Amino acid sequence: MKRNTLLALVLVILIFPTLSTAYIEFTTSINQAIPDSLVYATSAYYDGKIFLIGGENLYSTPVNSVYVYENGSWYLGPSLPFSLSSAGATVCNNTLYVVGGANSTSIFGGILEFIGNGWKVITNSMPIPVYGAIVFSYDYKIYVIGGMNYSGNSLVPPVNYIQVYNLKTNSWQIIGNAPLRLAYSAYYFNGSALFVVGGFTQSATLTSSVFVYYPENNTWISLPSLPGVEAGGVLGYYNGYMYLVGGLYYVSGAYQLGEILYYYNGTWRNTNIQEQIPTQFSTSVQIGNKLIILGGFGPGNIPSNAMQTVSIYLPPPKPQIASIASGNETITVKWYDTNASGYYITYWSNFSQKVTINVGNVTSYTIKHLKDGVTYYIQIVPYNSLGNGTPSDIISATPSSVPNPPIIKVKIGNLNATLTWYDTFNGGYPIEGYYLYVNGKGINVGNITSYVLTNLTAGELYTIELIAYNKIGNSSISSVSFIAASKANLTVTVYKKINGFLVSWNSTSKAKYILTVSKENVVLLNVSTTNTSYFVKVPFGVYNISLEAVNIVGITKYAFILIYYIQPASPTVNWSITLNTVSLNWSKVSGAEYYLIYDNGKLITNTTNTAFTFNLTIGQNEIEVYAANAYYKSAPYIINDVRNYIVVVNSTAISISVPQIKVVSGENTDAPLQTNNIDLKSAIIVITVFVIALLMILVILRERSDNYW
């Protein structure tokens with residue numbers, strides 16, 4: 001095993017026990033080779049083993065192999081159901097998942113779950129399928145940030161979406177955007193914060209940007225940038241130190257391959273050592289202070305089968321105090337282990353000098369022979385072979401024997417809240433009970449560890465105070481506050497307009513709303529909003545509407561079918577008659593999809609035009625014109641004619657002077673007969689017709705006379 005070592009000086013001044021200088025040490029080594037030369041693979045540390053998943057081989061061909069490293073050797077694990085390259089792997093709730101990726105035919109927009117002897121697809125409906133993305137898990141959710149969504153050969157920008165898959169609800173959601181479009185970034189998630197370094201951004205552009213993302217509140221902050229630009233590296237994180245290994249690192253006009261940089265005190269620093277085999281687009285897992293790097297492009301851009309380790313050694317980090325308890329002339333301190341070789345405890349009071357004790361490699365200690373009623377100040381300092389680490393915060397305690405305050409947790413329900421609590425130290429005597437105060441009103445709840453508050457008022461602030469007591473006395477107060485909530489009850493109103501409809505709602509509780517509009521099982525709209533109305537622009541039709549109100553208590557769903565058509569008004573018809581032909585035309589009516597024309601109760605046509613001409617039948621003709629759509633028909637516009645095609649429209653007589661004309665309104669066909677004077681033109685027409693008829697009679701009589709003779 002080869003080994004290179006660097007001691008990088010870090011100026012950290014320790015208060016206890018004397019001034020000293022702390023160091024950081026990096027080492028690199030090569031371990032057992034992996035079974036195949038791979039690049040663009042993904043990996044995870046799961047069940048005490050290293051899983052190396054997918055990637056591309058020496059022939060740039062995506063593979064479905066899964067290799068497992070256990071007890072110092074590699075073996076072939078259950079293969080993926082299909083080849084994947086540039087996927088992401090994460091462990092959530094003791095389960096291994098593989099997310100996204102691509103192969104020679106497609107981008108995989110889903111998640112594979114490891115089931116011990118194989119893999120199964122649990123979803124394939126990622127909103128934006130990607131590869132080369134950032135993948136991690138938090139709070140039973142799998143996060144997918146950025147990545148590439150293009151399967152061609154052109155250089156296109158990656159995406160910047162934050163896509164989240166909820167393992168409890170089996171649903172995807174896009175919750176926001178990263179500050180940049182990112183792919184093939186180096187990243188590490190420490191359980192609460194995601195550190196992101198470099199990556200490809202616009203097309204083939206590398207970036208020097210460094211970000212921290214907090215999934216708890218979906219926020220980003222920027223850290224000082226790298227000295228150069230980078231993509232395809234891996235990121236380690238240990239005891240608050242972040243370090244970047246390998247990748248395409250371009251600085252001062254040249255690519256520096258295999259570089260190792262670390263971030264300290266607001267500055268990126270070069271360690272001046274490199275990977276023993278410089279790599280890009282490798283994959284890695286962090287196990288304690290060791291970052292294990294697998295595969296990647298090696299020298300000459302040839303996929304490597306190297307398994308390398310970069311180890312970081314630090315003075316121990318600052319210990320976190322777990323508890324401090326006062327007893328009779330004693331103080332017991334407990335702290336969380338920092339992997340130190342041992343610990344010093346220093347304690348003092350305002351009336352005594354400092355006392356330092358080397359307590360060895362333990363995580364609790366009881367200081368004895370103290371004076372009751374005197375406040376003591378205590379500090380823990382870790383140490384190892386590199387020196388003293390960062391001291392803990394100074395804590396104080398007064399020897400006594402009452403309990404420590406209990407730790408309270410609140411689970412908010414629908415107009416209720418469940419309080420649970422537990423003790424950190426009972427003072428050396430059994431806990432006898434608890435006093436519970438709600439907004440200042442207290443009761444003795446006895447020796448229980450949970451209590452349910454009911455009939456709460458939504459939106460009201462409740463302050464909970466809890467005191468534990470034993471036979472010596474009461475603990476100090478433990479306090480927590482919360483705002484009561486209820487499920488949102490919805491009242492929904494729809495206003496139909498010409499170019500769409502407005503969905504408006506009232507809610508009894510503040511919530512986020514998800515409005516979904518679909519038609520024939522096709523989702524046309526899915527929008528998340530905090531507003532209480534939304535205008536939906538769609539054509540006329542029948543739609544399924546779903547409105548969900550989501551808050552801390554739960555989800556309220558309101559669903560209904562909307563028949564989106566409006567009642568058209570009666571058309572206003574212009575008409576004219578030429579001999580036996582009537583011509584109709586009208587203006588377009590809002591809400592109408594087509595028009596119906598009846599003559600004497602018989603449908604003549606169904607037309608989408610605004611004009612129509614047809615021949616009248618002999619005798620009286622009553623014409624009705626309707627504006628209609630799939631669900632509504634207007635009142636008719638009626639044109640009535642008796643024999644000589646004399647027409648009256650909507651109860652308003654058209655002054656054509658022909659006797660014996662019956663007037664029919666648009667709403668009433670029983671109007672009385674009217675007699676009007678005939679004008680000159682009409683009289684000439686009548687006389688002409690009469691003369692022609694007489695001539696025809698004379699011709700017929702003459703023919704008969706000739707035949708007779």
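Here the Cβ of each residue, glycine as well, is placed from N, Cα and C on the backbone.
For 315-405, the entry in Swiss-Prot reads domain 'Fibronectin type-III 1'.
Marked as domain 'Fibronectin type-III 2' by Swiss-Prot: 406-488. Note on the domain 'Fibronectin type-III 2' (406-488): mean pLDDT across this stretch is 92.
The feature domain 'Fibronectin type-III 3' is assigned by Swiss-Prot to 489-566, with sequence analysis given as support.
Per Swiss-Prot, domain 'Fibronectin type-III 4' is recorded for 568-643, and the stated evidence type is sequence analysis.
The repeat 'Kelch 1' annotation in Swiss-Prot covers 49-94.
Among the features that Swiss-Prot reports, repeat 'Kelch 2' is placed at 96-140. Sorting each residue of the repeat 'Kelch 2' (96-140) by its DSSP state yields 0 helix, 21 strand, 24 coil.
Per Swiss-Prot, the feature repeat 'Kelch 3' maps to 141-192.
Annotation source Swiss-Prot lists repeat 'Kelch 4' at 193-240.
Per Swiss-Prot, repeat 'Kelch 5' is recorded for 242-288.
If you look up Swiss-Prot, you'll see 290-340 marked as repeat 'Kelch 6'.
Taken from Swiss-Prot, the feature signal peptide covers 1-22, and the record attributes it to sequence analysis.
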Inset, instruction - On the DSSP side of things, how many residues of the domain 'Fibronectin type-III 1' (315-405) fall into helix, strand and coil, could you say? - result: 0 helix, 48 strand, 43 coil
